[in-house]
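Structure record follows, encoded as structure tokens.
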Amino acid sequence: MAFMSMERSTWAFTFGILGNLISLMVFLSPLPTFYRVYRKKSTEGFQSTPYVVTLFSCMLWMYYAFVKSGAELLVTINGVGCVIETVYLAMYLAYAPKSARMLTAKMLLGLNIGLFGVIALVTLLLSRGELRVHVLGWICVAVSLSVFAAPLSIIRLVIRTKSVEFMPFSLSFFLVLSAVIWFLYGLLKKDVFVALPNVLGFVFGVAQMALYMAYRSKKPLVASSSSAVVAAGLEIKLPEHVKEVQAVAKGAVAAAPEGRISCGAEVHPIDDVMPSEVVEVKVDDEETNRTDEMAGDGDHAMVRTEQIIKPDMAIVVEV
């Protein structure tokens, strides 16, 4: 009996070490993404939510491992995970636009500081011993299930676009491997809170791998540029202040002395412009300043590029 118990402990330790190594690979998988963010000095529309939630999950599991005896291998991997996710989020906050930085800061304050603080306070004050372990265990299970369910949006995107661009096979493979290893670790340690969420993690990982095999050779659906941007999570913003650009007949150009008309508009003949050419129209500073003084609103005229439809028309920029 003692031999079987020793053998079980040995296997549990072995699977725990393997789980640490594989989970480390999963934590490091976004490195190419953040290297690109660092190189381009832009987050390119990437979302910070997965990293905030992963950091929250690591914090909870590390707290659980401190409370439960004999869970040192959970402390090591989740401690490393906290450090890695913190570095990712620091880079995101450094290069993200202001709106994304504000949203990320709010999530960190609300989830990783606010909610985690409440959980720690309640479990420390209102529970003791095994009760505290069970309360924390079920909380960790709930958070882990939400983390494993997060790829559902990616699965939906793959089915809609027929493209596996957003779901690399290597990440899905390591997620499945990690789920199997940690399930066996929890089984050998008789820790249901570790084993249970990894069952769902295994199911979702296998589903992602099956989708990858199904769609890897299929041609992705062709979408418009705006649809592709929206699918990637980017936001399209138009200029807020654009001066009106109108087309008038060439006769108006001939009637206007020195290329100007009485309403204060500048006229540019475009006889030699082909229909497919693009003309950039600029408003000179002198005319802009004169108009701003008359209007009194402080708006600045902007430059706008227009597609010329007919070669016998002229562009008039109202200033």
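Just so you know, the numbers here start at 1 and follow the chain as drawn.
Even glycines carry a Cβ here, placed using N, Cα and C.
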- So, in Swiss-Prot, are E7 and M213 both on one side of the membrane? no
- Query: So what's near the transmembrane segment (51-71) in sequence-distant terms, Cβ-Cβ under 8 Å and 6+ beyond its ends?
  - Reply: 30, 78-79, 81-82, 85-86, 88-89, 92, 104, 107-108, 111-112, 115-116, 119-120, 123, 132-133, 136-137, 139-140, 143-144, 146-147, 150, 189, 191, 193
- Segment confidence, the topological domain 'Cytoplasmic' (94-106), expressed as mean pLDDT: 93
- Surrounding residues of the transmembrane segment (11-31) on its own chain - C-beta under 8 Å, 6+ positions past either end: 51, 73-74, 76-77, 80-81, 84-85, 88, 168, 170-171, 174-175, 177-178, 181-182, 184-185, 188-189
- Note on the structure: DSSP assigns the residues of the domain 'MtN3/slv 1' (13-99) as 71 helix, 0 strand, 16 coil
